[in-house]
Amino acid sequence: MFLRTFATKARAKKPRLSVLEKTEEFIKNFKKTGKKFTQITEKVDNSEGKYKQLVDEQGNYIPDKLSIAAWNVNGIRAVLRKESLQHYLEEYSPDILCLSETKIDEKRLKKLAIHQYLPSEYMSFWDCCKPPHAGYSGTGFLTKYAPLNVSYGLGILEHDAEGRVITCEFEHFYVLSVYTPNGMDSLNRIEYRVFEWDEAFRLYVKKLQETGKLVIVTGDLNVCHEPIDIHNPRQCEQSAGFTFWERSSFTKILKTLELVDTFREFYPETANYTWWSNRGGRMRLRNLGRRIDYVLVDQKVIDGYCVDDSAILNEIMGSDHCPVSMTLDMKKLQMIV
């Protein structure tokens, strides 16, 4: 009787919190203690100088330009088998490449020995989907320049089990490799995606910005923000990725965090896409797709004319998505950090 009563009281004292309440609790604890989110963070060891440094001893950027790209590969083993990733790295050689939907667990990743497929100048980091969801979702981060620290996830178990965020911290900015949850064809995951994931992600990025560093968000964000971003907007108003709720939530993220969609900044009236369904006949050849992959930057990066260009590389094959990219002028960036 005593044990049963004690257990009942203990449960009464600790009601189950929603994901959003947990996120808000992390924010409160951060403000009180100054501690970081309880996420997995690694300090990167480049003491042997195997990889490039982004800044010199005086704190000045070494490269004049920095190219950052993102690609949903729809399975890392598939693009390696087709040699699509190898050919892309050889031809375009981005300084940073953020990968999404890698579809591989940690055990298979180790067995794959992925470094044998990559140029030696790249170091790589991986956030894999955890059991029982092995072989689903997942993100990767390839970089020629050694980051200071690498963090995995948002610090909330309900979100982080699917391996959706890698954050690499550099001297003056963060680069995030992101794979936003899909609302699913049946829309049964819209509520989770909009009210839980999007809000937790927004608060996470806000906390990164409060460190004083710039933030660059890349990846498959699973939303067509405007009608121009989808080939058939009228027919897709109730389709995952183009619902009012998802688009409004994305607008909130952009406005409250003062983030800018770099491709749309350079090409405000260009209908270009990054994903094409495999269900219809020759959708990619007919360019009947959606633009759901992005490179977002702080408004001050745009105001400082630090972005040379933003591109959709739809000639790159190997996945149902194509890479997107952005080039930073590091000399101009130096002036605003």
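Backbone N, Cα and C atoms are what each Cβ position is placed from, and that goes for glycine too.
Some features that TrEMBL has for this protein:
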ACT_SITE  Y179  active site
ACT_SITE  D220  active site, proton donor/acceptor
ACT_SITE  H321  active site, proton acceptor
BINDING   N72, E101, D220, N222, D320, H321  Mg(2+) binding site
DOMAIN    70-321  domain 'Endonuclease/exonuclease/phosphatase'
SITE      N222  site 'Transition state stabilizer'
SITE      D293  site 'Important for catalytic activity'
SITE      H321  site 'Interaction with DNA substrate'
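Cβ-based neighbour count (10 Å, all protein chains) for the residue listed as 'active site' stands at 27. Highlighted in sequence order, N74, S100, Y179, T274, W275, I292, D293, S319 have their Cβ within 8 Å of the centre of the Cβ atoms of N72, E101, D220, N222, D320, H321, the residues recorded for Mg(2+), and are not part of that set. Annotation for H321 (active site, proton acceptor): same-chain Cβ neighbours under 8 Å, separated by at least 6 residues, are W71, N72, V73, N74, E101, D220, T274, W275, D293. Across the structure, the residue listed as 'active site' and N222 (Mg(2+) binding site) are spaced 8 Å apart at their Cα atoms. With a cut-off of 8 Å between CB atoms and residues at least 6 apart in sequence, the same chain places N72, N74, W275, W276, S277, N278, R284 near D320 (Mg(2+) binding site), listed in sequence order. Taking a C-beta cut-off of under 8 angstroms and a sequence separation of 6 or more, N222 (Mg(2+) binding site) has the following same-chain neighbours: Y179, T180, P181, N182, G183, R193, A240, G241, E246, I292. Counting every protein chain shown, the Cβ of D293 (site 'Important for catalytic activity') has 25 other Cβ atoms within 10 Å.
Within 10 Å of the C-beta atom of E101 (Mg(2+) binding site) sit 26 other C-beta atoms, taking all shown protein chains into account.
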